Each structure stands twice: as C-alpha cells, then as structure tokens.
Amino acid sequence: MAVTMEYEKDVKVAALDGKKIAVIGYGSQGHAHAQNLRDTGHDVIIGVRPGKSFDKAKEDGFDTYTVAEAAKLADVIMILAPDEIQQDLYEAEIAPNLEAGNAVGFAHGFNIHFEFIKVPADVDVFMCAPKGPGHLVRRTFEEGFGVPALYAVYQDATGNAKDIAMDWCKGVGSARVGLLETTYKEETEEDLFGEQAVLCGGLTALIEAGFEVLTEAGYAPELAYFEVLHEMKLIVDLIYEGGFKKMRQSISNTAEYGDYVSGPRVITEQVKENMKAVLADIQNGKFANDFVDDYKAGRPKLTAYREQAANLEIEKVGAELRKAMPFVGKNDDDAFKIYN
C-alpha cells in the first residue's frame, strides 16, 4: 500500500501548545525527544527512576521527578523506557495517575500491540517513532533538519490523537524531513522483523559466517576481519546514499559481477523461508512473549547470548585492530550507558 510523505506544512494543529509534557525515561530516545521538544517551545518535564539518567536530566536543566509524580503532573505522557520494563513501570507508576483526556505515547508499538500495556478507553494512545537512534535525532535537529518518523494512533478518545502525534513529530524535528502514517501493528511487526532478519540478527550472522569460512580455510583472521566487517560500512554508506544502483556504480566490475552471481547462492529460497518463520514468530507473539518471559526470569537467555557473542573470535580480532584505527571513532561506554 502506497503511503504519502507529510511535512511541517501538513501539521495543521498545534496540539501540544499549553500541554504539560512528561517524557518517561531519559535514555537514547528520551533525551532527544525531551531536548528537541523543549527547544521548540514546549513545556517538558522528565519522569525517571533515581540513577545516572535522573542525574543527567537534572544536569541538562529539566525539572525531574519520579515517574509517578511526572505522570500525575502531565497532560501528555511519552513512555521511552526500554520495552521490557514498560509494563511494570506503567502499571505501578503511570496507570494510577492517568486522567480522562490524557494522552500516552510510545516510540515503538511493542507493548501496546502485544497487549502488555492496556490503556483506559478515555485516554489517547499515539506513536512517534523516529527512524534513527536518539543521538542522531538530537544531532540532526541541532543541525537544522531531523530524522524521518512514523506516526500512528492506536486509540483516539478525544478526537485529537492524530493531531497530538503529528505535532509531537514536528516538535522533535521529524516533520522537517518527512512523516509517514502507519499503524501500531505494522510498525511493531516490521520493526522487529527488520532488526532480527536483516539489520542486526541477519547482518551479524552473515558477517560471522563469512569470517569463519575464511579463517577455517586458513586465511589470516585480521585480513578476514577487514574483508567481511570493516569494509561493510563503505558498502552500506553507498547503499544508504543511492540504493543498490549507486553501490554497484561505485564498485569494480569484478565485484559487481560477483554480486550478481554469488549473492543468490548465499541468500537462497531456503533463507527466505527461514525469514518467513522469523516473521511468523513475531506476528503470533512468540518472540514478544519469550523476550518478556526472559526479562521477568532475570534475563538468563539474554545474558548467555551476550557472553557467547563477546567471546567470538571476530570480536577479539576487531578490538585489537580498532586500537590502531582511531579514525573509526571512540567507544565512550559511560556515555552510552547513560543514554540506554
């Protein structure tokens, strides 16, 4: 189904004017939404549990409260805490403080679509989902443009939910570059599939498999790292800028010919069938329930997966090589933890 890109001129109603806005969570998306909205003249407070994020929000000049206090004070509440903690946070601290006519927003449809969170019928539920990480949402805003966003309405109690969603997207800078209307179902299922089958799960598995094929055939791990991981950014940047066409115009004829001949040998019809199975587990709620169950059990699976990933040879080789390549960027773990 074709969709129409919308821009600032299409945001007809200043639905957030005069509203007290509470951003719940001050992590990757939270700090960006809050700062951008404040810079566009909105009345923003922060609701977050005590800790680094609480301290960072105060340092950045926000009136900062507990989640319950912020929810009680606000007309519009945007929940930007991690997906897995949102249900407990909502039930314990937000739901008891909601009033008829309030609006509750999300940047991802996970908890609403899979019904971990159920909002009263007299409260609006909307979405503003910028298609980029929080630091990029903030940086591009400061540069005078923004990151494209999806917006959606799940529940329109007041008749104003769409206006609130669009005005929120305008406030964070996304309407400068383009908005696409979607649904909670579509955003949630497509986002999870993209992460799992292509952007995160599929990509890292492909890189790891390529590295293992080369090293198992006797090639030097350091050279294998450059061939299958380091150069990935160069190719992805070309695709990002101009699609497959620009990438293929920019590489050698040898590489282009190999692309056409060998790509389908790697990504076969069986791989597509595996992707369909991944999508099915997303659609039927299996993935969501497994993820939440693991969180409630203390994250044993996620912890084990992280330990396994940290011990991969490609990670160890890459860590050593990057020490000699300061141009690839500094890994500031402390800042990353504050904003995640």
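Every residue, even glycine, has its Cβ placed from backbone N, Cα and C.
Among GLY109, GLY132, GLY134, GLY144, only GLY134 appears in Swiss-Prot as part of the NADP(+) site alongside TYR26, GLY27, SER28, GLN29, ARG49, SER53, ASP83, GLU84, ILE85, GLN86. Each of the binding-site residues SER28, SER252 was scored by the number of other CB atoms within 10 A of its CB, and the lowest score belongs to SER252. Using a 10 Å Cα-Cα cut-off from ASP83 (NADP(+) binding site), the recorded positions that qualify among HIS108, ASP191, SER252 are HIS108. Cβ-based crowding with a 10 Å cutoff singles out HIS108 as the top-ranked of the recorded positions ARG49, HIS108.
For the pair formed by SER28 (NADP(+) binding site) and ASP191 (Mg(2+) 1 binding site), distance between Cα atoms is given as 17 Å, rounded to the nearest Å. Candidates ARG49, ILE85, ASP191, SER252 (binding-site residues) were compared with HIS108 (active site); those inside 10 Å Cα-Cα are ASP191. Counting other CB atoms no more than 10 Å from each candidate's CB, the binding-site residues ASP83, GLU231 peak at ASP83.
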